[in-house]
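Accompanying notes for the structure given below.
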Amino acid sequence: MQLVDTEEDGSLDNEAQQLLRSLKAKIANYYPQHLKVHTVPWNAHPGNPRHKGHTKYLKELCEQFITATNHQVLRSLRYRGKSSEEPDGLLQELSHHMMLCLESCRVFCGRQDLLDNILQSIRQNDDHVHTPLILYGPPGCGKTALMCKLSEQVRTLLGQETVVVIRQLGTSQLSSAIHSLLRDICFQVCLAFGFPPLPVQVTQACSDLILFFHNLLLTVSHLGVQSLVLFFDSLDQLIPADGAHKLYWLPKDCPPKVHIVVSTSPAEHGILETLQEAMPEPEAYFEVGPLSREEGGKMLKVLLASVRRKLSPAQQTVLQHSFPEGGHPLLFKLAFNEARRWASYTLPSALTIATTAQEALHRLCGRLEKRHGTVLVAHMLGYIASSRNGLSDAELKDILSLDDEVLSEIYQHCSPPCKTILRFPPLLWAQLRRDIGECLVERQADGFALLGLAHGNPILWIPISFTEVVQNRYLPAQDKTKRHLLLADFFRGTWSWGMKKSLKLPLLGKSLNADRKVSMTPSPLGCMVPPCAQWNMNWITCKIVATGIQGIANDLAMCNERINCPELRLVQETLLLLKPALDYINDVVGKRVSIIYTEVLARLHFFMLSYPDLIGKLCQQCLSWLNVCPHPVLVPLCGFLQPPGGPLKMTVTGFLKGVTVLELSSDHKVLVAGSQDGMMVVWIMEDIEVMHTLTGHSAEVRCVKVFGKGTAAVSTAMDYTLRIWNLVSGRQKFSIQDSHSGEQRLYQLHVDERNRIVYSASGAKVNAWHLETAEHIFQISGEAPDAWLCTEVFEPRQVVMTVSEGGTLSLWDSSTGELQSKHQLSGLQEEAPTCSVLIQKQGKMIVGFSRGSLSMIFSDGNSLMKKLPGRVRFLVVSEDESLLAAGFGVYVRVFLANSKGFHRFMAEDLEHECVVHSAVFSPDNSIIVTGSQGESIQVWSLSEQGLLIDTLAGMGTPVTLLALCGHILVSASHSAPYLKVWDLTYDRKHKTLAPVPDCTGCTAMSHDGNYVYFPQAGERRQVIIWDSTKGAECDRLDTSAQVRCLEVAEQRKLLFTGLVSGTVLVFPLNSTQDVVCIPPPESQKPINHMALNRQEEQLAIAYDDVVLVLDISPGKPCPVIDKPMYTFYTQIPAAVISSVAVLANYRVLYGMSSGDLFLYDCPHSKVFPLEMHRCKVTCLETSHGEKWALSGSEDSLQRLWDLELCQWEHEMCYYKTSFLKGIQCACFSKDDKYVYTGSFDHSITVWDVLSGALLAVQFVYATANRIMPTADGFIATTRLGYIIRERFHCPQSISSQYNPLQNIKATCVVKSRKKEEANPREQHDRGKVSRNQIRTNKLSQNCVIM
């Protein structure tokens, strides 16, 4: 039947036809690119499949729709890839909250006194520091309407230029999670005040975003022009993730011109109690009470007028009698929802009003059942209530299509339209969705918009959980099981891919075996499906991009709680380990994917053969994706990143510079860390969650003490301030100028909680301050202003004990600072104190000295002495004060601390391969954990007399700080801006092949990487040959002196060992007992560097100021090496040779510690000076064709030299951090197209030789010691001991949009000589001749071509 407009007499309505034609013409005129006209012949039966014209039309329409949709998706992705100054959806988010605000203000009634009090408090606080204001009251009391009214009137109070930001939390996807909430607010404030847009790097890590948010408020305050007022309504509606309910993100002090107003329900998540504990000021709290009867009546009139309804006098009387004493706005809203349905003729006796929320929701369910059927309503609401975070619209329709009971009810009176395809009718869902209304809300979860049941949302006037009502009404135990089983079938994909499911319909009298057309949905729970069937890298990467690492890790954690699947546990740990790599990546799909594939493969490759079904499959998918990657990428060919299943659980980022202090509270619940840039971060040890970021210090934090059972802390820094912090609120209580003259090498703090005094010792002074008032009590000054001073406070005897240089012991009154006694400790006249520790229970102080002395000083002034072999670096006492550990050199000695003298706990010292920096005892004294310069952590059993039970590798830098909480160990380094978290009780069955145990950084490697050569740690008088294929030592070679450098001649099977004595030992690898000795020159200075030419025919040996060039001739069993062919000296005063390379025809390239660089032609005795570096040359490498050379220096500057012209062609500077710079090693690819470099900042970079462009960067978490080319990539060794094998994949054509720094936060500057001599545009085009070159001067990165 054709539908047309007609007149009353049945004739065609010409006016309507004209309007229709006009509308079509306008659409065609305004949107010609989106419009395609289809002409279809009229047919009375358009659904007839035999009608070819209609079938053709439908096919063309579907194809057009798919094409247009694909075009819009691709266009959107291109737009998202461009730099934008605001996040997606910000304007929609602002419009959403503004509309809610206007709606709430429209029905606002009463509260004038409360409104005036809050506004007056805001006005009084505008010019000074103040606390946020808190509105609280039960759900439905009108907090939201009050917040909206405040936001409307605050401009009248503070000025029309005031910036007002309001968020009704939980009412939108972006306002439900603290991360997206703070991101959008920061963007909005930056736009409003004209600040630069929020940096992309800040938006990724929640801790960085919180810190930026706090600093942004301070910046607004410093302007002092406009006021900023932030309204956060319903804190209890935030998703708990990222500590949202713990309120660490909320500033506890607002600076001038900045105001924060929040609201919350007292009964939800303990938020009000948290606020009161952090901000106890009573004037900051405002309780929102009920409305009076008159105010409620006025509200009802406004609501009824908004829907154009009016009640009869009798109906008004019924309403008034229902609320004789007034009540919360919720009750009047519920009454309005009932009254709006009353007919004018309804008798008063038939009128009923729900007086409770439960009753109102049950009535809603009854109305839905009456209209849509009990089965449909019960099952639909039951599925939503049974899901974890809700279901999407499409998922819900799929699930209802699988529900036989629902379909049987729908088709009990009619047959389905198709016998082969059976679906839930979408029109029924649309009607049901409309009728449920506000009780079904859309929220962001798992990266998608999901439908959930309203849960105590005051915006929707629902004070209780609709989920509770649904569970009580529709989900008894038996029905709940049925709902979960069908959900499991759906997410398992049981009926996907065209699988047919039978259904017997009573009307048909037979079973229908029909396709339910259910989409293939990846399971969010691995336990629901066979792992190999569902878990794949495509889904994992999409899940990470959509929800972040934590989202998918939570899914895996839930799965691992229910099943014992070691593969899924390894995948979960892998994702947590790669989390730091994603913290600073832009939120664009393409930029995250490559780093995910690379890291997963480099960590899980260890277990490919052990778990082929899941892990082997994931690794193969990673390889397949990387092999066809559209941009340059390094493809891992083995496992070389810290594998899962080991002790390392996570890497915690958040600092900009190295960590200098770790302090654990006495109850082991709170950890405070301070850094070189003055920032301090407070973590909760239970889940390693950031509690506060403490900003105030402007220089390196030197000492922190936590007291009050983790509720307070005191810190001192090199900005000469002492600061007292409230760790509950994150507030700074006091900042005290604690000035000291001269260089301060020792900083000590002691807190006397009983007398409320803090003592700070630095240099030659001790100051005492009152903890509650910051009042200065006294100062103790040493005799010499530059003398070192060790200080401890013995509280029971009220004595301050100080030991200064030369061993002078002084006892002072701890309450007045008066000197009580003073005497000289014997045998310490030439020593200075380096560290001290107090054993409070026994009233004695242990002091370590610079020349190895160890002094035990009692509170009465008596002392005992012990001599250690070297400088005492640290002293540590166990928690029960029964054991004492002293670190000196590479040893740790453990004493019984409860004895009257120095009695050793063990006969042997704990020996390390490198200098020991730190140690910590376990609470039960069963183990001691030590950290050393060798970047490793050792775990020793004290119950087994110091047996080494484990070595933890993976810190990547010297381990200078340790903190142990139960079995959780936290390590830090002065050279790293992160913390490592370890589990000492890990399952050792997943241990991989032992990494190369080298901690010296002096390594050589066979060309296939199967053998690694390195000196023994400690005295370095042996060379260890390590078989990396077996993870074991295969031989040791004795040397006559300490090893300085190593080189391997792969073709000749020779190992060259340079010694500190100046001698070179040559070991034939096939006959290591036969050794050739190359004697040193007369000076006998240590060898600084050695190098072989490409043909392995010449060897260059570099000393401080002389280079020897020798010929190497084959011989059996040893090579023939005669006296040096050439010897030449350098002429640079106060500089030594730091690196050397030798070319054919006896040409030598050498770099100096001063940065000077020379090419010396030995046969002609000519020296060619090259442009010098600014600092020490650390790396020299020549290409295989000897046309090019690469030099690298300590400041990360690299130069690519044309050896024929003796001038640099490209100057490249890349570094990841400002305090870890320098080039450690490099090599050219076999075809000399690329240069691979390893940096001290733990990065490996790939450069194009012809253009000097940066092609790829990979962060490997450790410094690469040596790197060597392979046929299609390189192999390298790292300080963590792993062997890196990678293939470099570089497509012939590279997109101009490719950003080599997309996976890492770094700085890169490239300068090419040719570009200085020619037109920059011409040179840019010239670089595209052989390959579409990368345009690295994009705004989206810190890489500039000069």
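Each Cβ is built from the backbone N, Cα and C atoms, and glycine gets one as well.
For reference, TrEMBL has these:
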DOMAIN    133-297  domain 'NACHT'
DOMAIN    358-478  domain 'NWD1/2-like winged helix-turn-helix'
REPEAT    652-693  repeat 'WD'
REPEAT    694-735  repeat 'WD'
REPEAT    909-950  repeat 'WD'
REPEAT    1170-1204  repeat 'WD'
REPEAT    1228-1257  repeat 'WD'
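Outside the repeat 'WD' (1228-1257), and at least 6 residues removed from its termini, the chain residues within Cβ reach (under 8 Å) are 632-634, 956, 1179, 1181-1185, 1187-1188, 1190, 1192, 1196, 1198, 1200, 1209-1212, 1214-1217, 1220-1222, 1263-1265, 1267, 1269-1271, 1273-1274, 1276, 1284, 1288, 1290, 1300-1301, 1303-1304, 1306, 1308, 1310, 1312, 1327, 1330-1331, 1333-1334, 1336, 1343, 1345. Per-residue pLDDT, averaged along the repeat 'WD' (1170-1204), amounts to 94 for this model. Within its own chain, the repeat 'WD' (652-693) has Cβ neighbours under 8 Å at 205-208, 210-211, 214, 243, 246, 248, 580, 583, 699-707, 709-710, 713, 715, 717, 719, 725, 727, 730, 923, 961-966, 968, 970, 972-981, 1218-1219, counting only residues six or more beyond its boundaries.
Beyond its flanks by at least six residues, the repeat 'WD' (694-735) meets 211, 214-215, 248, 252-253, 277-279, 660-661, 663-667, 669-670, 672, 674-682, 744, 747-751, 753, 758, 760, 762, 767, 769, 771, 774 of its own chain at Cβ-Cβ distances under 8 Å. Counting residue by residue with DSSP, the repeat 'WD' (909-950) contains 0 helix, 24 strand, 18 coil.
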